Amino acid sequence: MKALRLSVTRALGGAALATLMAAPLAAQQPAAPAGGGAATLDAIRARGTLICGVNTGLAGFAQPDSQGVWRGFDVDYCRAVAAALWNDPTKVRYVPTTAQNRFTALQSGEVDMLSRNTTWTLSRDTSLGFDFTGINFYDGQGFMVKAAAGVRTARDLNGATICVQPGTTTEQNLTDWARANRIQFTPVVIEQLNDVVGAYVSGRCDAYTTDVSGLASTRSAQPRPQEHVILPDVISKEPLGPAVRHGDQRMADLVRWIHFGLIGAEELGITAANVAQAATSDQRPEVQRMLGRTGDLGRMLTVDNAWLVNVIRHVGNYGEVFERNLTPIGLQRGPNALWTNGGLQYSPPFR
Amino acid sequence: MSDITANAAVPHQSGAERRQPPVATTGLVAWARMNLFSSWINTAITLALGYLVVRWTIGFIDWAFLNAIWSVPVVNGQAQTQACREIKGVGACWAVVTEKHRFILFGTYPYEEHWRPLLVCVLFVALYIVSAMRRFWNMMLIPIWVVTLTVIGILMWGGIFGLTYVPQERWGGLPITLILSTFGLAFAFPLAVLVALGRRSKLPAIKTLCVLYVELIRGVPLISLLFMASVMFPLFLPEGMNIDKLLRAQVAITLFAGAYLAEVVRAGLQTLPRGQYEAADALGLSYWQKTGFIILPQALRLVIPPLVNTFIGFFKDTSLVLIIGIFDLLTAGKTSIVEPAWQGFGIEVYITIGLIYLVFCFAMSKYSQDLERELNRHRRR
């Protein structure tokens with residue numbers, strides 16, 4: 001869906017530009033920076049602030065609160081990078097980007113990194129010229145039904161009427177899934193989000209389908225959320241993660257290992273509350289390496305050895321970030337649980 | 001005096017029968033009888049519409065005032081909106097506006113610095129009022145504008161006089177809408193006059209250039225111009241060079257407004273009778289004297305209604321910047337209801353924003369009516 005919109009946008013913009021300037025489209029890839037892929041990181045250091053591309057407003061992921069302060073899961077990743085660089089999570093400038101202009105913002109260098117619920121796909125990784133630094137949220141398409149209906153799994157939806165928005169991969173995924181599972185359904189296709197939700201709530205459809213994160217925030221906005229159930233089945237893969245430019249290896253390393261650090265910290269039970277104590281007195285060798293008491297791991301990432309202490313102190317570990325931002329909108333850990341709890345979040349070793 | 005004459009001419013008739021004047025030709029009752037109840041079908045329509053108007057008015061007052069909830073408690077930064085959800089749309093939840101009004105008006109501007117954008121809005125309104133008064137229609141207006149806009153820039157950016165620096169991405173809300181429309185129209189209008197004159201020029205190069213500009217810009221939707229400014233343009237800049245996103249949008253809006261205004265101005269130029277041009281030539285005026293003293297004052301006066309129409313349209317069109325992620329008034333309003341606690345209270349927020357737009361647009365339209373009446377006084381007979 002996002003890719004399609006982008007290509008339409010590009011075609012539009014391209015057509016307009018071509019008519020206006022009659023100039024050939026210049027190569028879109030920014031030149032690879034010199035200096036072993038450290039150019040962006042050097043520029044960030046010289047500037048003293050990180051410029052982070054975020055969503056213009058998505059509940060739980062990135063949204064300004066009543067006082068205009070950015071909050072959310074994606075926002076916390078920007079804060080974590082600033083905390084690792086300067087021990088100060090406020091040194092971030094947030095650039096709100098739309099689904100249309102987010103990729104240009106990163107390509108053109110308007111932002112240093114994109115932390116904006118963007119699905120990692122092959123074409124974005126290669127031809128758009130990005131490096132995805134990991135998967136911090138496993139999303140996927142799911143179904144919501146009324147609790148009173150007694151539906152347990154998506155397979156019970158045979159013969160059901162299902163509300164879906166048109167022109168997105170959501171509709172395609174639904175059809176593919178139904179065909180693969182030999183399920184008959186009647187689609188109710190409605191363009192506007194508010195209208196499609198209204199149709200489901202008023203009972204025109206038995207089920208409503210979109211990405212699980214979207215279902216969760218819709219559910220939490222209902223007068224009585226307990227009347228709606230999100231089914232456990234997920235029928236598509238939408239792995240979301242932060243992205244940097246191709247060629248910014250240093251930056252990519254840093255963002256990637258901050259993500260792993262958040263997961264590793266949760267695995268080892270290090271939280272915002274106990275990180276200061278763990279940094280001085282924890283006897284486990286991996287904790288000592290992670291928190292910079294032994295070894296030189298921070299230096300290898302070109303930051304201070306206490307980088308992860310600073311990150312955890314200001315932002316918390318992965319579980320705390322999740323709980324602060326996504327639990328309130330009704331999201332379960334699900335596939336985003338630690339691998340030790342049967343989820344997919346896993347960190348390579350710190351050594 | 002005339003009474004005496006009349007009395008003298010018509011002697012008092014004491015014995016005649018006193019007759020009532022016919023009732024149904026003047027007064028409110030007569031008007032209603034003639035226009036609303038003249039036949040049974042009109043009476044039926046009047047009663048039906050009257051019933052609906054009264055019912056809707058009562059319904060709206062019930063919803064907007066009597067049953068409305070004006071504020072909800074906030075616990076640990078989380079608004080407790082259960083009260084609003086319980087009434088299920090019977091009453092408005094103005095609590096969303098109470099809670100979010102500062103975000104809607106000023107976006108992500110630092111909270112403790114909100115007095116700065118507030119002052120900027122006041123300055124803008126003052127600037128409009130001063131510019132609208134005919135007593136200031138002289139060279140004084142130029143320094144007034146330059147000084148006010150400089151002060152506005154200093155207030156928004158800060159960085160000097162002890163004000164903290166606020167980068168452009170944090171600006172938002174009403175100041176953005178006012179900045180985009182004021183600067184857009186202030187630059188677009190002179191551009192439009194030049195282009196309109198250029199289109200009527202006898203010099204082929206100038207004429208072709210102006211025709212090309214107008215036709216190309218008019219042939220492209222504003223949305224794709226904004227996309228171009230926001231998505232394509234940065235890719236053509238050298239590495240490491242970035243032009244402010246707001247400035248790019250501002251240029252796109254200015255160019256777009258310029259093309260439309262140019263056509264409006266050209267319409268005025270074409271309405272002027274040929275005799276005016278010839279008379280000016282006969283007096284030996286140069287081209288710029290002729291244009292400045294004879295043609296433009298008359299032509300612009302003729303096109304005040306379509307000009308204001310375009311102005312009002314553009315004031316509202318600035319809200320299209322939401323597609324490139326600039327937090328103008330409308331985007332800020334939209335974003336304020338993203339938070340799960342406040343989802344579903346869009347109507348209240350949109351009514352509020354609509355009222356703000358209405359105030360500005362209605363003032364513009366009212367002012368243009370007065371201006372039109374004032375400037376066309378010599379035509380009325």
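Every residue, even glycine, has its Cβ placed from backbone N, Cα and C.
According to TrEMBL, the feature transmembrane segment maps to B:40-58 (among others).
The transmembrane segment annotation in TrEMBL covers B:115-132 (among others).
Residues of the same chain lying 6 or more positions beyond the ends of the transmembrane segment (B:144-166) and with a Cβ under 8 Å from any Cβ of it are 109-110, 113, 116-117, 119-120, 123-124, 126-127, 130-131, 136, 175, 179, 183, 186. The transmembrane segment annotation in TrEMBL covers B:144-166 (among others).
TrEMBL lists B:174-368 with the feature domain 'ABC transmembrane type-1'.
The transmembrane segment annotation in TrEMBL covers B:178-198 (among others).
Sequence annotations record features per position, and here TrEMBL assigns transmembrane segment to B:210-237 (among others).
Per TrEMBL, the feature transmembrane segment maps to B:249-269 (among others).
Counting residues 6+ beyond its ends, the transmembrane segment (B:307-327) has Cβ neighbours under 8 Å at 107-108, 171-173, 176-177, 180-181, 184-185, 188, 222-223, 226-227, 229-231, 245-246, 249, 253, 256-257, 260-261, 264-265, 300, 334-335, 357, 360-361, 364-365, 368 in the same chain. Marked as transmembrane segment by TrEMBL: B:307-327 (among others).
Summarising the annotation, TrEMBL assigns transmembrane segment to B:347-367 (among others).
Outside the transmembrane segment (B:210-237), and at least 6 residues removed from its termini, the chain residues within Cβ reach (under 8 Å) are 195-196, 198-199, 201, 243, 245, 248-249, 251-253, 255-256, 258-260, 262-263, 317, 320-321, 323-325. Residues 105-106, 109, 141, 144-145, 148, 151-152, 155-156, 158, 163, 166, 171, 173-175, 178, 182, 363, 367 of the same chain, all 6+ positions outside the transmembrane segment (B:115-132), place their C-beta atoms under 8 angstroms from a C-beta of that stretch.
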